[in-house]
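Peer 1: To start, I am sharing the structure in question, which I have written as C-alpha cells.
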Amino acid sequence: MGSPSDLNLEIYLKKEKIGINLKNIVDEYIYELELVKKVKTSPTSFLFVFEYTEDIANIVEVDIFSAFVFIGTHQQPTVPGLWNKRPLEDQGGLVRRKYAPIYIDIDNRHIHFLIRIYHQTELYPDGGKLTRYLDDILITEQVNITGWRSKHKVINNNLIKSLATKVEFEKLNLAAGGTGITPFIRLLNYYQDIPVDINLVYCNRSVEEIMLKQLIDKFADINKRLKVTYLVSKKERECEGVIEGRISEEIVETKFVNTEEALCLFCGPPGFNDLMFEILQKFVAKAIVLSKLVKLRMAQPLLKGSVEDSNRSMSASIKAVGFLSKIVPILKMSQAWANKSVVSSTATMGTKKTGSVRLHNREEQIWRVLRPGRERETKHLRWRK
C-alpha cells in the first residue's frame with residue numbers, strides 16, 4: 001500500500017480520452033477487476049486502481065457520472081443479528097455498494113476509485129459493511145462489479161440530461177460533501193480547458209479529511225474559471241483556501257451564481273443533500289442532486305417544479321423499475337428454456353464468458369425459474385471461476 005507521497009497527480013490532469021455522451025453498456029452480468037495499486041490519500045480514504053481486460057473495455061469505459069456496483073461480503077458482526085447496533089438485514093453475507101470512478105485511463109486499462117474506509121469505532125463497532133471488505137483486498141486480487149445505469153449524462157459543454165430532462169446552462173455551481181466529491185473529479189477534468197465558469201464548495205469535517213485537495217487546487221491553477229471554497233466543520237490548523245463553517249444559505253448565496261443560466265449540482269451524505277435541497281429551493285438557478293435525499297425518500301430528482309410533483313413522479317418510477325427488475329430476469333430465463341439453452345443469470349462473466357463467477361466461497365446461489373407451461377421450480381446454479 002502506498003502513502004500520499006506516492007500519489008501521482010499528473011495522471012489526473014491529463015484529459016480523459018473517453019469523451020462524453022456515450023452509449024454505455026449496462027447488463028446484469030458480473031465482471032472482475034484486478035487491484036494493481038492502493039494509495040492512502042487521507043486518514044480514512046484510499047485510491048484504488050483496478051485493471052480491466054480488453055474484452056470488457058466497452059463495459060468499463062463509461063462517461064462522466066457513471067458508476068459501478070461493487071459486490072463483496074461483510075465480516076461477522078460484533079453482536080449477532082446487529083450491525084452497528086441496528087438490525088442486520090442479512091442477504092447471505094453479500095453486500096453491494098455503488099462507487100463512481102474518478103478517472104479512467106484507457107491506454108493502460110486502469111480505472112481509479114476514491115473510497116473512504118469506515119473502520120470500527122466506539123460509535124460504529126462494526127464499521128462499513130463493504131469498505132472493510134475492500135480494505136482487506138490485496139494487490140493482484142480481484143473484486144466483482146456490475147454496471148449501473150446513470151440517470152445523468154453530460155450531452156455537450158452546456159447541456160446535461162437528468163432523467164428524461166435536458167438542462168441547459170452557462171455556469172456551474174458544484175457542492176460536495178465528503179465522498180460526494182468523486183463524481184465531480186471527472187467533471188473538473190473534462191472542463192479544465194472549456195470556457196464554463198465553475199464554482200465549487202467542498203465540505204468536510206476537518207482539513208485532514210479533504211480528499212484530493214492538491215489535485216483540486218491544480219485544476220484551479222489550470223482553469224482560471226474554476227473557483228474553489230473548502231469548508232470544514234472544525235479547523236484545527238491553517239490551510240490555504242480553507243474556512244471554518246458549515247454549508248448554509250449565506251455560504252451558497254456568497255459563493256454560487258444565482259441566475260437562470262446557472263445549474264447547481266450537489267452530492268454528499270443524506271443530511272448534506274437535504275440541507276442543500278432546502279437552500280436551493282429559494283434559488284432561481286436550476287439544481288440536480290446526484291445522490292440520495294433521505295427526507296424526500298427518492299434518488300436523483302431533478303429539482304424542477306414542486307416537491308410534491310417530483311415525489312409523485314419518482315415514486316411511480318421507482319415502482320416501475322422495481323417491477324421490471326423482477327420480471328425481466330424471469331422473462332429472459334423463460335425464453336432461454338424455450339430455446340433449450342443453458343439458463344444462468346451470469347451466463348457471460350467478464351473475460352471468460354463461461355458460466356458464472358464464484359462469490360467468495362459461496363458455492364451456490366438459488367434462483368427461481370419459471371419454465372413455459374410448467375410450474376415454478378427452484379434451479380440451483382453453481383458459482384464458479
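Here the Cβ of each residue, glycine as well, is placed from N, Cα and C on the backbone.
Curation plays no part in TrEMBL annotations; they are all automatic predictions.
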Peer 1: Given that TrEMBL assigns Arg97, Tyr99, Leu114, Lys129 to the FAD site, pick the one from Thr53, Thr73, Thr165, Thr182 that the record assigns to that site as well.
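Peer 2: The candidate from Thr53, Thr73, Thr165, Thr182 that TrEMBL ties to FAD along with Arg97, Tyr99, Leu114, Lys129 is Thr182.
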Peer 1: Return the average pLDDT for the domain 'Oxidoreductase FAD/NAD(P)-binding' (176-273) as a whole number.
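Peer 2: Over the domain 'Oxidoreductase FAD/NAD(P)-binding' (176-273), the predicted model scores a mean pLDDT of 93.
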Peer 1: State the three-class DSSP label for Arg97 (FAD binding site), counting H, G and I as helix, E and B as strand, and everything else as coil.
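Peer 2: Going by the DSSP assignment, Arg97 (FAD binding site) falls within a strand, counted as strand.
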Peer 1: When DSSP is mapped onto helix/strand/coil, what comes out for Leu114 (FAD binding site)?
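Peer 2: It is in a strand.
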